[in-house]
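Undergrad: I'd like to ask you about the structure that follows.
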Amino acid sequence: MRKWWLHLMLLAAVAVAALGLTRLKFDTDILSMLPGDLPEVKGLKAHHRAFAREDEAILLVEGTGEESPSVAAKSLAEALQADGVVKEARWQPRWTAEPQGLAELLSYLWLNGDPEQAKALADRLSEANSRAAMEEIVENLATSLSGQDLAMQAHDPFGFLDHPAVADLLSASGGGGGAFESADGTSHLVFIDAPAEVHGYRQAEEWIGKIRASIAKWEQTEQGKGFKVGLTGEPVFSSEIGMAMEKDLSGSIGLTLTLIGLLFWWMQRRLMLLGGLIVTLCLVFAVALGVAGWIYGELSIMALSSAEILIGLATDYGLVICQEAKVAGHNKKVLLHASGKPVLCGAATTAVVFLALNLGGLPGMAQLGSIVAYGLVAAGLLMIAFYLPWVVKFGVNRAPAEDEAKWLPRRKKSWIFTGVLVAASLAVVVIMGMPGVEFDSKIMRPRNSLAMGSFERMQEKFPDRDSRLLRIVVEAEDDVTMLSRLSEAEQRLDRAKQEGVLEEATFPGGWWPDPARQELNRPILQEIAKQAPRLLAEADDIGFSEEGTGLGKMVLEILGKQGQGAFFPESPAAREVMQLFLHRDEKGGGLVIGTVIPKPEVEPMSEGYPRLRELNGNGIWLSGWSLFKPAISGLVKDDMVKMLLPMGLLLLGMMAVIFRRFRDVGYALLTMLVSILGMLAIMRLFGLKWNFVNLMATPLLLGTGIDYAIHVTLTLKRTGMCFKELWNGTGKALLFCGASNVIGFGSLIFSSSDALVSLGQVAVIGILFSMAVSIFLLPGWHARSPKM
């Protein structure tokens, strides 16, 4: 009765855990793979959060058709709107069609700017000085060679465009064109808004599918011939990554289960045993992902790979039970004695190793480690509680394994083979060097991504004015805090320029609403607005056309209507321009973006970079993918120490408890060292490099290596050093285990993420070495006078 209740309680626990599956979602943000406490990552996330919109995509139109790209972009925008697949398609800045919005923005900048600038404007437009100031503009029009200056001054007799913030705008928007057209005139951007809110990657995929269909139809028209259209933006990335994750989850897991099932059938030849294993694996899988659903809710692209890894590892325990049953017989107590301790100890040690990934700073790897650890604990318990009795019942009447252990070298030969392997591996490492290290952000990008290809092409056509340029992001939860941090940011930038850290810094401090400044500037600017009739008459008398005074007239009208209270632009045209520099929440707070160009001696990866990094802190962050490498390289070095040291001590303690002999512990450690040395040599021969993801495979390989060593050592002790019994039971089981783990990790090679591909490559090499050394060399190290 007691055992019946224990089984019922275990099933209830499985059911409760599995309910967490209903809470699982896919996190398609690749930044979620990175540690959120790094200043560089905070900057990237803040920048992404402010300027990446789920309902806005970007089209890059380029080609050499009969019409110019700008005309083609206009035609495409009209076609998309006619098809009803977009709410709005913008091929040029809004303010060109809505000058009222530009007037509102200029009014805001003067009202919100430095009071000294407002006083200078009032002095220039005073009755005594205004005519002379406008006549000077006319003289400049006659001598200026700059088309941009001519266009601006011809429409600005009052000097409203002569504001420092406008210079920032022209620099950020590619000379005032709103950065819609490339400098070489061969490319044009179109910004499109979804007809409704886009929630999740499935809706994004549906919308982007309609966009692609509409574009394909347009490309067949006369206006679209000769042009190529690329798509990028947040919804395009989201749909690509989300659908790739679904494909990975269904395709990779299906392939892994199929291959492992075929391998299991080849070794055991019992459909009932295979069926019981699949049911147990499904329960393990449900528990692992269900617990993850309760704890995390969202899974990153990296954590998703835990499924394949878990299948490969959990299958090991079922095979060990089946293979031991051939040797130990189908008496439940005897089989439990033979396989219970190795299975439970192996699950515990390997789970500890995967849990150690939480000690690192990579959230994706921490999720992966936790999910696999939960699954391994569940696998150990469920295999003993359910699958072992299943094997006893349905695995009877099988021919006992009688193969001779001719594949296992005895003591002398084992040490000779070990020496040859170590010598060859050392020779490769000494002559060719250790595998290289590459901490490049490209490893995080999706493979074969059309969105990434279009994004990179867009960067080529619309490059930053300096390759060293970085963003500086200021974030705050309310307007008061933002104003305080903006002041602090400007002080930091000024100090950094004085200390030789920065070559240049541009910061739009005057773009954020400042009620105190507006209160000081309002009476000054309202006094100017009262002079509108006189100023307009003077401009007309000097020779400015009605079109030339149109913008100034609208600015004067807006300034004249300003009442009390804080003013912030409302028009879409003004908001579109402001999005270049800031994102403000409706309730206050948000983000402001500036740019900096560091001196060469403090650039990322230089020795002086820590001086540049001091600009970070208290809601002020540097942002740029060029900062990824130094940030991640330092993190990985710290993580390896934080993970390997406590994990090593814990594993040593666990091995000491399990083996209770110093020599057995030493041989297990030697197994790991030989395996790692061989892995390093193979990586170097094939040109594989370490990165911040596959470096995390090292502790995983230590865990699997120890797992194999535990099974072999305990079997040798239990059988009195009988190689034949070892080979027919644990040896063949571990061969299958290694093969199943290779299949599990190897399936990552087909992943949509380069990061997971690199993890799979290194893991497969390491597992093969761990398996080979544990099965074929470790027994010989132990051997003295083995039984035949």
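Each residue, glycine too, has its Cβ placed from N, Cα and C.
Note that TrEMBL annotation is computational and uncurated.
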Undergrad: Taking 1-23, 415-437 as the choices, which stretch does TrEMBL tie to transmembrane segment?
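TA: So the range that TrEMBL calls transmembrane segment is 415-437.
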Undergrad: Counting only residues 6 or more past its boundaries, what in the same chain has a CB within less than 8 Å of a CB in the transmembrane segment (640-659)?
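TA: Here the qualifying positions are 345, 348-349, 352-353, 356-357, 359-360, 665, 668, 695, 698-699, 702-703, 706, 710, 713-714.
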Undergrad: In this predicted model, what is the average pLDDT of the coiled coil (479-506)?
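TA: Here the mean pLDDT over the coiled coil (479-506) amounts to 90.
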Undergrad: Which stretch, 273-295, 415-437, 692-712, 733-750, 756-778, tops the Cβ pairs under 8 Å count with the transmembrane segment (343-365)?
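TA: Most contacts with the transmembrane segment (343-365): 692-712.
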Undergrad: Of the listed stretches (273-295, 666-686, 692-712, 756-778), which one yields the highest count of Cβ-Cβ distances below 8 Å with the transmembrane segment (415-437)?
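TA: Comparing 273-295, 666-686, 692-712, 756-778: 666-686 has the most Cβ pairs near the transmembrane segment (415-437).
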